[in-house]
Amino acid sequence: MTSGSDKYFVCGANSVSSVIEELKTTCTLSDSQLLNILSTDKYDQELFSAADEVRRSVYGDRVFIRGLIEITNYCRNDCYYCGIRRSNEQAERYRLSADEIFSCCQEGYALGFRTFVLQGGEDAQCTDEFICGVTARLHDAFPDCAITLSLGERPESSYRAMYSSGARRYLLRHETADFAHYAKLHPSSMSLENRMKCLSALKKIGFQTGDGFMTGAPFQTAHHIVKDIRFMQALSPDMIGIGPFIHHRTTPFAHCPDGTLSLTLRLIAILRLIFPKALIPSTTALATLCPEGRILGLKAGANVVMPNLSPRTVRKKYELYENKAHGGMESAQELDALKKAVKEAGYKIVVDKGDRAGF
Ligand code: 5AD
């Protein structure tokens, strides 16, 4: 280490390697050490290779795939960053039927998917009865598959019913762990308290629980990100979704700058070091920002990709952000191309449910 980098880490650890070691073993880095790592790209290569080493020690070269089915773009919420927010009158709304969802899964199963992620806005018509009916039918027809739901905030009783019908994983990003920042991203009808309540209910019920946030969200500072990491350390999520904020022309944040590839990759690496066993996707948002993003995400410690398995007719309509990728390697039907790219990067897509290690 040069004396320059020794000086950089002023709090406790005295070299990049020891900071990385501390991230890996004790997670006792101070806030200012985390801030230091977050705020420079100087140590990225070391972070990425340490994260890759950790990921390989837990998951080897295996990359899990999830078939993402976007079941509805109706949403009662009005998040300022999201393209399917209630106020977007230009959005062409759709909702898939139970049969349509089922045929997506049939197609996905044949392609080699063993996890189906049913994601949607908070749609009042997606009742427990509907979701549990679909989940039970999928669970029955594909007993060797995992069903993941990502349908926003719901009462604990609803989550319990979903678990009883066979769903075993749930994705719900906390978005930001800072109350004031949360209020800048969401209308006052939404609260971080409720988000936290939902996440702890999901954990309590026994779901493999997915958390996450956007990098480079409007008004986000490095201090917020440190809070996000602390929040995650308390929650201990099984899955962690990190993707760059990307503006959408119809939202109040239409003119805000997008998040960056470099901060997103750095965070993936940091989170891999802190959570060795987590399932971390290289997200669609990352691939949208930069086509190589998907593979760079894997090289920085991610071990999951989630190609789009929605009917082609609706893919364009689930536009959370501008130009959201849904063709090419983001498409489940182009899995061969993705397999090839992943192989060239030194990893291997597997036909596997892909539970979190040790779950
Ligand atoms: N840019 C990037 N990610 C977004 N999401 C919603 N809107 C955007 C955007 N404009 C993310 C949120 C949400 C997930 C489903 O998609 O973090 O939790």
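Note: Cβ is positioned from N, Cα and C throughout, glycine not excepted.
Curation does not apply to TrEMBL; its annotations are automatic.
It should be emphasised that the depicted structure is a prediction, and the values quoted were computed from it without experimental measurement.
Residues or ranges marked as [4Fe-4S] cluster binding site by TrEMBL: Cys75, Cys79, Cys82. Annotation source TrEMBL lists (3R)-3-methyl-D-ornithine binding site at Ser150. Under the heading S-adenosyl-L-methionine binding site, TrEMBL lists Glu175, Arg195. Residues annotated as domain 'Radical SAM core' in TrEMBL: 61-286.
Features as recorded by TrEMBL, highlighted on the structure.
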residue	record	contacts (Cβ under 8 Å, 6+ apart)
Cys75	[4Fe-4S] cluster binding site	Cys82, Ile84, Arg85, Arg86, Gly121, Glu122, Asp123, Gly152
Cys79	[4Fe-4S] cluster binding site	Arg85, Leu185, His186, Pro187, Met190
Ser150	(3R)-3-methyl-D-ornithine binding site	Val117, Leu118, Gln119, Gly120, Tyr170, Leu171, Leu172, Gly210
Glu175	S-adenosyl-L-methionine binding site	Tyr182, Leu185, His186, Arg195, Phe213, Met214, Ala217
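The DSSP secondary structure for Arg195 (S-adenosyl-L-methionine binding site) is helix. Excluding the listed site residues Cys75, Cys79, Cys82, the same chain places Asn77, Asp78, Tyr81, Gly83, Ile84, Arg85, Arg86, Gly121, Leu320 with Cβ atoms within 8 Å of the centre of the [4Fe-4S] cluster site Cβ atoms. In three-state terms derived from DSSP, Cys82 ([4Fe-4S] cluster binding site) belongs to neither a helical nor a strand segment and is classed as coil. Restricting the average to the domain 'Radical SAM core' (61-286) gives a pLDDT of 98. In this structure, none of the binding-site residues from Cys75, Cys79, Arg195 has a C-beta falling under 6 Å of any atom of ligand 1. Counting every protein chain shown, the number of other Cβ atoms lying within 10 Å of the Cβ of Arg195 (S-adenosyl-L-methionine binding site) is 21. A 10 Å cutoff on Cβ-Cβ distances gives Cys82 ([4Fe-4S] cluster binding site) a total of 21 other Cβ atoms nearby, all chains included.
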